[in-house]
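According to Swiss-Prot, the protein has these features:
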DOMAIN    104-287  domain 'ATP-grasp'
BINDING   Lys141, Glu178, Tyr179, Asp187, Arg211, Ser212, Asn213  ATP binding site
BINDING   Asp248, Glu260  Mn(2+) 1 binding site
BINDING   Asp248, Glu260  Mg(2+) 1 binding site
BINDING   Glu260, Asn262  Mn(2+) 2 binding site
BINDING   Glu260, Asn262  Mg(2+) 2 binding site
Amino acid sequence: MHIGILSRNRRLYSTRRLVEAAEARGHTARVVDTLRCYMNIASHRPSIHYKGEEIEPFDAIVPRIGASVTFYGCAVLRQFEMMSTYVLNDSVSITRSRDKLRSLQLLSRKGLGLPVTGFAHSPDDIPDLITMVKGAPLVIKLLEGTQGIGVVLAETNQAAESVIQAFMGMKANIMVQEYIKEAKGADVRCLVIGDKVVAAMKRQAAEGEFRSNLHRGGTASVIRITPEERSTAIRAAKAMGLRIAGVDLLRSNHGPVIMEVNSSPGLQGIETATGKDIAGQIIEYIEKNASTPRKAPPKPKG
């Protein structure tokens, strides 16, 4: 098979590992810079041009689209879909998962566990919004933030009100969530491929930090997840329509709650923590599914 990997940086760990895994299994792989792809939208024969030439056909595309280029990246991915190329995660599913508010609404409709989450526009509603999520301590999140950026822990109602007012004054879209104190600064990342959790790790926040993102100094270790956590992760990925996903859970007193469903999960932390060849399992999944007549991923409403 000839596999294309949409990535802006071929030196990134996840991109390198996918190329290595594809070549180790006898395939060819090409890293394609998403932002150098361009296309004639009105053409009756869909195609994509890359650095001055029409790009060659691929048997499969693995999208590694960063959050900052979601709009353009998904436009490129849609063009590959129009060319009947198998895509590991499709453009609709990626767009859906990148919208924090919409994704939580979809997960809620499926009856999956979530932290109490509030969303409001008017500063007049801030006191009631804080009460709605059980009061401080609470977490305030920018809807456009990634890797823990734009996430604030407010330890008092007064602090929460001040931070929310500041964000609203900047016309920033935010959501407010209850703080799951019993998680003790740790979350669980489940890596889902197809209908299986193939690996899981615990991410522990650094000393004095509540955000467990590895980019913020958190540490990762292998963990055994419960059947309920496994089921929750698989159902969350399915609700988003994702074939591969990193599902982040917190262990609350009332069971697992979903923090985020990531459509382009990094491989370095979880491969290092678990010792598993996740990249190889991704390529194996593509082999089993791209070689058969193309199947559309599940299309939940919303």
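Each residue, glycine too, has its Cβ placed from N, Cα and C.
In sequence order, the binding-site residues near Asn262 (Mn(2+) 2 binding site) (Cα within 10 Å of its Cα) are Asp248, drawn from Lys141, Glu178, Tyr179, Asp187, Asp248. Counted within 10 Å of its Cβ, the other Cβ atoms near Glu260 (Mn(2+) 1 binding site) come to 19, all protein chains included. Around the Cβ of Lys141 (ATP binding site), the number of neighbouring Cβ atoms within 10 Å comes to 22. A Cα-Cα distance of 12 Å separates Lys141 (ATP binding site) from Glu260 (Mn(2+) 1 binding site). On the 0 to 100 pLDDT scale, the domain 'ATP-grasp' (104-287) averages 93 in this prediction.
When other Cβ atoms within 10 Å of the Cβ of Asp187 (ATP binding site) are tallied across all protein chains shown, the result is 22. Rounded to a whole value, the Cα-Cα separation of Asp248 (Mn(2+) 1 binding site) and Asp187 (ATP binding site) is 7 Å. Put simply, Glu260 (Mn(2+) 1 binding site) is 15 Å from Glu178 (ATP binding site) when counted between their Cα atoms.
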